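In what follows, a single structure is set out as structure tokens and then discussed.
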């Protein structure tokens, strides 16, 4: 009788991973986000909002007009126009004060936001869904649906003509595709440790990118932590979009959920893995090169704390000085599209919000001195 009862107890219904994730978030994020947490929590548990990243390689000149008729707008060009207006106001103010030199802040503002990347989103509060992507006459898809906040790390990287670019954790490929849309990558190294996820990356490249552009992309499946031993100090720009608790997925999906009981150790080790990947990214950059670190988590332990630790390790172990770039202008120019957290110690964080349900997306830009 007792043995039977023990077996019954051992196979009692397990707690769903999504519920474990939410319990964890309620405990930690209510402290971190305070009064904002209930609204962020509601956003996490509702349908995610998408943007349509236009494929500049496709013969799809009709698509912008089609999307504009649905009341979608290219949020990047709108921000770029805002940045240009702001600069004109600043320049006029300086001229009237008789300043000889331009504002130190102004050049990077326009540069990082005026981009060949075009991404259409519906207005705040509008939950219209985009139609599935369609093939053009050449067999390339006309746009890629993704969380529009995922483009902010790519914009922050500010790729320039002929830059050698490394996407250290590239799969499934949305940010890799966005980097190629700039038209500026002299060479793009797209790496991901997972062979199965790298197959998805290949699929995206073949569906969206013509062969002559794909020839400038090398896809590899190395452990990103070892990258500096392969090709250290060679890249102008490095994107380190690390594995994280993927908060939205963890709160909504049982499949492949990092809060599953069997993955507890893996989850606890994430900040260490993230630090190792960020250090590899820093060491892969040339002196003067730039690194953007990003996650899709709200956790300060995976965000600012990892960056702060990397700054210490770079200085103490490698004698490398790192400058953290100010990205507050992203908040200024994208505040109509995204809901930003105003209290990040380093970098910027997009919060899910029912009227603008993108993110979470954390990003921080570092310059190797």
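Every residue gets a Cβ built from N, Cα and C, even glycine.
Whatever TrEMBL says is automated annotation, not expert-curated.
The structure displayed is predicted, hence computed values, not measured ones.
According to TrEMBL, the active site, nucleophile annotation covers 296. Around residue 296 (active site, nucleophile), a 10 Å sphere centred on its CB holds 23 further CB atoms from the protein chains shown.
Under the heading S-adenosyl-L-methionine binding site, TrEMBL lists 169, 170, 171, 172, 173, 174, 175, 192, 223, 241. In sequence order, 192, 194, 197, 198, 200, 201 are the residues of the chain that are 6 or more apart from residue 171 (S-adenosyl-L-methionine binding site) and have a CB within less than 8 Å of its CB.
Annotated domain 'SAM-dependent MTase RsmB/NOP-type' per TrEMBL: 75-369, in sequence order.
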Measuring Cα to Cα, how far is residue 296 (active site, nucleophile) from residue 169 (S-adenosyl-L-methionine binding site) in Å?
13
In all the protein chains shown, the tally of other Cβ atoms within 10 Å of the Cβ of residue 223 (S-adenosyl-L-methionine binding site) is 13
Return the residues near residue 175 (S-adenosyl-L-methionine binding site) by Cβ distance under 8 Å, restricted to its own chain and a separation of at least 6 in sequence.
150, 151, 153, 154, 167, 239, 241
Taking the domain 'SAM-dependent MTase RsmB/NOP-type' (75-369) alone, what is its mean pLDDT?
92
